[in-house]
Amino acid sequence: MSSKEGSGGFRKRKHDNFPHNQRREGKDVNSSSPVMLAFKSFQQELDARHDKYERLVKLSRDITVESKRTIFLLHRITSAPDMEEILTESEVKLDGVRQKILQVAQELSGEDMHQFHRAITTGLQEYVEAVSFQHFIKTRSLISMDEINKQLIFTTEEYGKENKTPCSDAQDKQFGTWRLKITPVDYLLGVADLTGELMRMCINSVGNGDIDTPFEVSQFLRQVYDGFSFIGNTGPYEVSKKLYTLKQSLAKVENACYALRVRGSEIPKHMLADVFSVKTEMIDQEEGIS
């Protein structure tokens with residue numbers, strides 16, 4: 001065994017040859033030097049940025065949860081007798097989501113949004129899905145990205161009234177507006193997720209005897225699919241990846257419309273949902289085999 005190796009076989013480090021009390025004698029770092037002061041400022045800036053990122057992740061999680069609850073509420077429209085009551089309740093829930101987005105806009109005030117985009121993209125996509133789902137139920141059309149962004153402009157006066165709490169000095173000094181713009185990628189991904197909710201709405205509507213909604217949803221999904229087909233592989237990877245799921249949803253809705261058109265008069269309305277659920281399972285199995 002080499003003399004440089006101990007009993008455990010580990011090679012000794014070079015500075016181990018020096019006595020411990022001589023290693024750092026006279027080598028204390030001057031904490032007031034310009035270099036140390038610069039690195040301390042870097043440390044404070046990075047810590048503040050990491051803390052902001054974590055706060056945005058938590059806000060995004062809250063936005064996702066509340067948006068999902070709004071979507072679940074909107075699905076009750078297919079079986080509820082009063083549609084306006086549910087739409088009113090969903091608007092209240094979306095207002096609560098927008099208050100969370102306001103906090104995101106305040107966190108990003110003066111910052112480059114793209115540096116923190118990964119922390120908030122999941123929540124923004126879910127919000128786009130919820131808003132576009134509500135808009136489709138009202139108008140049978142797709143809400144534009146500009147319309148969504150117009151709803152995400154907040155004034156200081158509205159903020160003070162809605163929270164009913166005295167503003168801090170920093171908020172008093174910062175008069176004007178806060179705004180958050182949905183990026184095109186977030187918008188496209190939210191619309192792609194919307195197609196899955198419309199497919200569920202179509203099947204639920206058939207189960208409740210509504211034979212008009214499936215044809216309206218089918219025509220709408222065909223237009224959305226054609227739009228995504230123009231993007232193809234030239235867009236972001238996440239968008240092209242969701243194109244396959246969109247195609248699946250369209251196939252299920254078109255299958256439901258085909259059964260309604262061809263066999264609608266043969267099948268009692270209370271049995272239509274069972275027929276479509278069986279057909280949907282068959283389609284899923286065939287796609288899994290292929």
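Every residue number used here counts from 1 along the chain in the order it is shown.
From the backbone N, Cα and C atoms, a Cβ is placed for every residue, glycine too.
According to TrEMBL, the protein has these features:
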BINDING   Glu129, Glu197  Mg(2+) binding site
COMPBIAS  16-28  compositional bias 'Basic and acidic residues'
CROSSLNK  Lys279  SUMO2 cross-link
REGION    1-32  region 'Disordered'
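In this view, Glu197 (Mg(2+) binding site) is surrounded by 19 other Cβ atoms within 10 Å of its Cβ, with every protein chain counted. Neighbour list (Glu129 (Mg(2+) binding site), Cβ cut-off 8 Å, at least 6 residues apart, same chain): Ser67, Ile71, Gly190, Val191, Asp193, Leu194, Glu197.
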